[in-house]
Amino acid sequence: MARAVGIDLGTTNSVVAVLEGGDPVVVANSEGSRTTPSVVAFARNGEVLVGQPAKNQAVTNVDRTIRSVKRHMGSDWTVKIDDKDYTPQEISARVLMKLKRDAESYLGEDITDAVITVPAYFNDAQRQATKEAGQIAGLNVLRIVNEPTAAALAYGLDKGEKEQTILVFDLGGGTFDVSLLEIGEGVVEVRATSGDNHLGGDDWDDRIVEWLVDKFKGTSGIDLTKDKMAMQRLREAAEKAKIELSSSQSTSINLPYITVDADKNPLFLDEQLTRAEFQRITQDLLDRTRKPFQQVIKDAGIAVGDIDHVVLVGGSTRMPAVTELVKEMTGGQEPNKGVNPDEVVAVGAALQAGVLKGEVKDVLLLDVTPLSLGIETKGGVMTKLIERNTTIPTKRSETFTTADDNQPSVQIQVFQGEREIAAHNKLLGSFELTGIPPAPRGVPQIEVTFDIDANGIVHVTAKDKGTGKENTIKIQEGSGLSKEEIDRMIKDAEAHADEDRQRREEADVRNQAESLVYQTEKFVKEQREAEGGSKVPEDTLTKVDSAIADAKTALAGTDIGAIKSAMEKLGEESQALGQAIYEATQAEQAAGGAAGGDSAGASGANDDVVDAEVVEDDQERK
């Protein structure tokens, strides 16, 4: 049986590990290092360089060197090299191909299967893009696993049978995740996860670069941001300074011949950066990790004191300020020092590959979906079918109905996010279920099923229960979340909670009013057209007509109070109409079962049908 590897495809560095005799081993690359820079360069002679060789020549080949491409996964970002546009998947595939080659060289055999990790907070498009990168690299991706989950798997397998609660704080080069997991008796279960897909060591580097640019401009009057080669040298110096400040109180940044002045005289950059100054200019970045941490504790429903172990993952957690913050937030608990933050994710991925290949027994990995999933229903409401932090794989179904009479098709629009109003969430994709037989609104039953596989990738099916006709979409080719979208997604849900609740209530009231008007209008029409004429006086029907007209007028406006008032009045008149019919029927001594049972004429819908309607949306979504 072919071997499977575990790969941590990182923003700044990547790692590959494999099981040897049941134990995970991190594979050194062809340069002898256990981590490979996630950098790809296209040399002028046509050669493609990957890893450390690509990083080494970046200063002299700035425009043709690509780094931190993970931040663009799942988006429509491309980079043009020699008139060819490269997608993030293609660039990532180059890194994966190198890791694959290095592992094959180590094992002496071909490798086709891999488990690849992603940040827990990656959305569907980003996960799909990662899987595609693996396929481009010639790998059969057995599973996409969340990085904190892989880390917990690597950390917790040898910790005995006792159930433990573990907090994984994962701050890498470009992404941040925090997850709470329970481990015991071979089961690794994720309780909650949160994060920020655009927060990582790169941001700390950028702050040092900005600081150096400002310092140099202050002394020489020259703006280095206009010089690409100088900026590349600053970036490399900033990364080196950041690493040095993890063990030293200050560091010297010395860059000779950084640029020239107006008279072509060479200029030197020589600055001293202290740890205190570094922490001051990056304090706001550090503070951005607090909210996801608090969110995870809240979602898991536990107290900070219930955490048994804290595991730090990602090279950026080596910064003393990060370690101190984690210690502060966990009530003084010392983070575990027994894992290598650069390698633990790849080790966990290799273990999961072993589980899937049958090499590792009695281990069950239960992961969760990081964001809620649902569809847009009438009134622009987000009707959630799967809530965030639901264990995956999972499958959920709900039945919806049509919004208009004789509606021939429904547009199913799939969203991911936490806001009550669908448009405020991330549109993952849409598809149409056609061929619905002509029927009054509320009669067709459309069953919508969400199926999330173990990779966190979404499949959606819509089925007309009446005809058995169905349509399925596998959500892919997403545009990815922009930085603004990913940062705002959950915090917007909290900031706008009241506004969203109000919008949802308004949509619900409007839906109820429209439904009551429709059903009552239909019933009045049936009474007037009944054989032998209506059983109730015309003035009773006229009162109902008047109430219907008032309700329609209210619905044409935006005053929810007026709609509620008109709905109450219509309800009263509808009840009076039902009572009059009942009394007339009793007087005629007719069999009162069928006619009397539908006194208000407004309850023909199936009780199993969810009280929400799929919107027939002809307008192009912006």
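Placement of Cβ uses the backbone N, Cα and C atoms for every residue, glycine included.
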Range among 63-97, 308-342, 518-552, 588-622 that Swiss-Prot annotates as region 'Disordered': 588-622
For Thr175 (phosphothreonine), which DSSP three-state class applies? coil
Within 10 angstroms of the C-beta of Thr175 (phosphothreonine), the count of other C-beta atoms across all shown chains comes to 29
